[in-house]
Every structure is written in C-alpha cells, then in structure tokens.
Amino acid sequence: MSLSVSFIFLLVASIGAVVADSENVLVLTESNFEETINGNEFVLVKFYAPWCVHCKSLAPKYDEAADLLKEEGSDIKLAKVDATENQALASKFEVRGYPTILYFKSGKPTKYTGGRATAQIVDWVKKKSGPTVTTVESVEQLEELKGKTRVVVLGYFKDAKSDAATIYNEVADSVDDAFFAVAGSAEVAAAASLNEDGVALIRTDGDDSETSTIAEAEITNTIALKQWLHAYKLSAVTEFTHESAQEIVGGDLKKFHFLIIRKSDSSFDETIAKFTEVAKKFRAKIVFVLLDVDVEENARILEFLGVDAKNTPANRIVSLADQVEKFKPQEGEDFEAFTNSYLEGKSAQDLKAQDLPEDWNALPVKVLVASNFNEIALDETKTVFVKFYAPWCGHCKQLVPVWDELAEKYESNPNVVIAKLDATLNELADVKVNSFPTLKLWPAGSSTPVDYDGDRNLEKFEEFVNKYAGSASESETASQDHEEL
C-alpha cells in the first residue's frame, strides 16, 4: 500500500451509523446488471461487501445522494452490487477492494474519483453527466445553480481565446468535484463579484458560504489555478471529519497545517481564532486543518503525526507532494512564524526515532532504528538487506517467516546482514519509504541502495542477496580461507 495513500486511508476511515437503505438506490445482481446499465445513460455503481466498515460508513451518504437526485428529477441513477454475492461481476470489473465505485456513461465504465460526502457525490455525477462548462445567461440562472450545487466555479473572459480562458477550460475538463460555468454577460459576472476578467468560486455551505475571486493576471497555469480552487473550495480552516477528509487531501494542494486540539479545551476559542487568522493569510499556499483530539477515530492520525494526545494543543505541517514529510515548530514559533519558516524551506523535518532495543542484535534478523541505521546499513564491509515494515501491514505480517528463514541462512556469514526497521516508529531523512513492505539492499562498498521488487519468497531473496554478496556457503568459505591465511 502506498504510504501517501495509506495516510489518506487513515483520514477517511470511520464507522458510519446504521440507517435504512434508500429505495432510490438500485440493487443490481448478475441477472439485472446489463439491463440496468444499458437501459440508463448515467449510472453510478457501488461494489461493496456487507462486512466492510468503509462501505457501512459510505452507505447513508450514498443513499442521501440518490434521494437528492431523485427529488431533482435527475436522469442519473445510483446503484449498488454486493460483490460477495455477485463475484462474477466483481471479477469482470476488477474489484480489488471495498467500496469500489464505477461510473457508467452510455454503458462505458470509468473510476469514481469524488469524495464520500453527499454533496460531493451529487456534484461529481452531475459534472460527469453534463457539459464540461455551462454558459450562465442570467443572474436568476446563477442563483438557481447556487441553490442546487455546493461549489460553482464561474469564469468571465471577454476574449474566449485568451491564455487565461484556455487554462480555465483545461482545468474545468480535469476537475470533477465542482460545477464549471462561464458568465454570459458582465451583469452575471458582477453578481459573482467579478468586475473584471477572472474566476469566481462560489461555495454554498450555510453560514460558512463564501465567494472568492482570482484575477485573470493571476491565472498563469493549470497547476496554480487548481491549487487556488482546492484552497477556496474549503473553509479557511476545515475540520477533519469523515465527510471532509477526501476533499482535504484529494485536491492539488498537498501541504497541510494541522492544529491538533480538543474542542472541549477552555483555550479552544482563542486558539482557533488565531489559527484562522493565519490561515486566511496563507489560503492558497497551504491547507489549514483542525483535528479534534476528542474524536476517537482520530487516534491513528495522531500516531501518524507523532503527537501524544496528552501534549496538545499542538501543530504540525505535513507535505504529501512527492513523499510524506512532517514538520513541527521550533520552540517559540507561533502559527504564522512556523508557516513562513516551512514555506521558505527553513523548517527541518520532524523524524520519528525509536529507542535502540538492548537485544537488537540477539536474533538472526537484526533490529534497526534511526540511531543505528547508518552504522549497520551503510557499513561498507557488509552487504545489508533491510525490510522496512509497518506492524499493521498484512503483507508485512505474511513476510515475517520468510524473512526469518532468510536471516537464518546467512546467520553464519559475517559479510551479510538481514535486518528490519519499523518505518512507523523510525523515519530517515535520506531513505524514502513509499510502500509497505519496502525492501532495500546496500551492497558492500556502496552507500547507494538497490530496491528489491521481485517475488517475495526465499529462493528469489537468496538469488538477490547472492547477486551482490555471493552465496552464503561461498562467503563463509572465503571468510574461513581469509582467516587461515
């Protein structure tokens, strides 16, 4: 599992309430699937397992989305398939995990990439089922759109072929969780606070509704516009919940400043006010997130961030751009100073480090932690094969007996070390672990690792080690000959 993806997985995991199924969600089986897909132009299909926690969490939101679409008289259908009872369908559409959601347009499936909240599901299927960009001809039409769609993005360009207009259309074609339109007149543009060429984002969230604009001169490339849209689709500070998680981490802005605090704390109101003030200053550069320590489901995120609940309030910055990187403020740095320091590249990574166990060298598989990693793995006199793992990772657990047996094979060879490092407790600045398990070998005489991506069995592991170190028996004989000389 990708480490970045696993972080997102932690964010979206929670247990949903048990509610009655909606009659507006079609129940599909192998007997009626083809008929339903071919008989409706737009169908969103959820493949689920009854025992799946994430499926249970999604169910009420999925049902609500179906009900809303029905109320609006939409032609879009929402359906579900119990993949455990319809395994032929699950196999046909390559269902590898639950829930898997596919969108069928005229019978052709594409992967659902939207969020898990009701409004996000509705907005996504509407976007996919209609034109990429709609022309809004009147203020009344704009108001109607605002009433039906949580996020409306409105462009206004006097020159429809300008660079900014071209960038806008490209972004509209690639962003699925917002409704994109262009103003048909200056009057419509003005109703969205656009008094000159540019883009407005209108977010309708009850008391937290907001209209934000960006001028044409600032629309210089698609990445910049996507990041601006991501920032302003969210509140200045967004509380992490099951509904908001996908929207927080799923956009194009991959930098996050977390305020970790109990909402029940007496200092909460004052602290969140200061955090929000800073968030508004850095709105399009970093996403500001509130994490409530009192919410039980947030415990694993605290673990990921390396924050003890007893030591809160606290704050951390996380980047998911290329790989996972975490930062914590220096002593005395307030929210603004820390954010500035990070954005200017002055903040050092916050790397976890486990204490070295006294018996780290007692078994054939040597235990590495941050403090002894360089000494052992980068020892140029030895070939060192390291397993980077997570205790909760299923694939890592399956690998344990094979890795133990491999270590036993080379235990008498002084030139080969088989080791393991718990990457959830130890982070290394110069070694990036992007999946679990990650296997890397440092050949003798080299500080550059070789990644292993072959089959995870004893025979293949031995072949790999021997390629760089010679066979266990050959190395042992060579060592004995050297001692005799």
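Quick reminder: no glycine exception, Cβ is built from N, Cα and C everywhere.
Checking the ranges 54-57, 242-245, 358-361, 482-485 against Swiss-Prot, the motif 'Prevents secretion from ER' annotation falls on 482-485. When other Cβ atoms within 10 Å of the Cβ of Arg456 (site 'Lowers pKa of C-terminal Cys of second active site') are tallied across all protein chains shown, the result is 16. Cα of Arg456 (site 'Lowers pKa of C-terminal Cys of second active site') to Cα of His395 (site 'Contributes to redox potential value'): a span of 10 Å. Sequence-distant contacts of Cys52 (disulfide bond), defined by Cβ-Cβ distance under 8 angstroms and a gap of at least six in the same chain, are Tyr98, Pro99.
Set side by side, the active-site residues Cys393, Cys396 differ in how many other CB atoms lie within 10 angstroms of their CB, and the most is found at Cys396. Rounded to a whole value, the Cα-Cα separation of Gly394 (site 'Contributes to redox potential value') and Cys55 (disulfide bond) is 20 Å. Each of the recorded positions Cys55, Gly394, His395 was scored by the number of other CB atoms within 10 A of its CB, and the lowest score belongs to Gly394.
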